[in-house]
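A.B. asks: The ATP binding site annotation in TrEMBL covers 35, 36, 37, 38, 39, 40, 151, 197. Summarising the annotation, TrEMBL assigns ribonucleoside 5'-phosphate binding site to 61, 83, 84, 85, 110, 111, 112, 113, 158, 169. Look at TrEMBL and you will find 117 tagged as CMP binding site. Summarising the annotation, TrEMBL assigns region 'NMPbind' to 55-85.
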């Protein structure tokens, strides 16, 4: 009887562990400078491989414009200053969107962007996700800047597609986000793509990563 109870208890723990592993969200972080083409490539990945695309920036902008949002003014200030929104807010919005989707595979675009983001994510979501890899779109600041300014001139409606804010965003990217990419490189989790080419050529390289 004692042996049976011990076996039963062990089996229940094993089953619970397997169940927890199976219920984890599969995540690919998508990082790169502003204008590196993250959104364009994510849209193609969604169509080809069925992932759910969650843009940290889009989620923050949606929350900012939501009526009665308690975080709206704070988010607006950070976006206009080219600085990074507190991680607690961003993680909350990402997790809420993941739950609402009812799906398991996610592209999280533009996050984590600094050390605080990384630590906050690992604290809040580390046990809830399986990080498959970090998709890094490498592109010169000159090319990124041209793309963003062209996007703004075409009527993107984004308050941060202007030269003054772009300079702040680029500075934040180089000083805060690049160290995060380097952190994941040390863990052999970074898949680097040259994002200066034509979008279709870029996607041919992206597809290889998701097919492997």
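Including glycine, each Cβ sits where the backbone N, Cα and C put it.
Predicted automatically and left uncurated, TrEMBL annotations should be read as such.
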A.B. asks: For residue 61 (ribonucleoside 5'-phosphate binding site), just count the other CB atoms lying within 10 A of its CB, please.
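C.D. replies: Taking every protein chain into account, the count is 18.
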A.B. asks: Using only C-alpha positions, which one of 37, 38, 197 is spatially nearest residue 110 (ribonucleoside 5'-phosphate binding site)? These are the binding-site residues in the record.
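C.D. replies: Considering only the listed binding-site residues, the nearest one is 38.
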A.B. asks: Just to confirm: which same-chain residues, 6+ apart in sequence, have a Cβ under 8 Å from the Cβ of residue 37 (ATP binding site)?
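C.D. replies: Correct list: 137, 139, 147, 195, 199, 202.
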A.B. asks: On a C-alpha basis, identify the one among 61, 84, 158 that is nearest to residue 40 (ATP binding site); the candidates are the binding-site residues.
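C.D. replies: Checking each of 61, 84, 158 against residue 40 (ATP binding site), the shortest Cα distance is to 158.
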A.B. asks: Reported in the order helix, strand, coil, what are the DSSP residue counts of the region 'NMPbind' (55-85)?
C.D. replies: 20 helix, 1 strand, 10 coil
A.B. asks: Out of 61, 84, 112, 117, 158, the binding-site residues in the record, which is closest to residue 35 (ATP binding site) when you go by Cα distance?
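C.D. replies: Sorting the binding-site residues by distance from residue 35 (ATP binding site), the top entry is 158.
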A.B. asks: Averaged over the region 'NMPbind' (55-85), what pLDDT does the prediction give?
C.D. replies: 87
A.B. asks: Among all chains shown, work out which of the binding-site residues 38, 151 has the most CB atoms within 10 A of its CB.
C.D. replies: 38
A.B. asks: Just name the most isolated of the binding-site residues 36, 84, going by other Cβ atoms within 10 Å of its Cβ.
C.D. replies: 84
A.B. asks: Say you check the Cα of residue 112 (ribonucleoside 5'-phosphate binding site) against those of the binding-site residues 36, 38, 151, 197; which is nearest?
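C.D. replies: Closest by Cα: 38.
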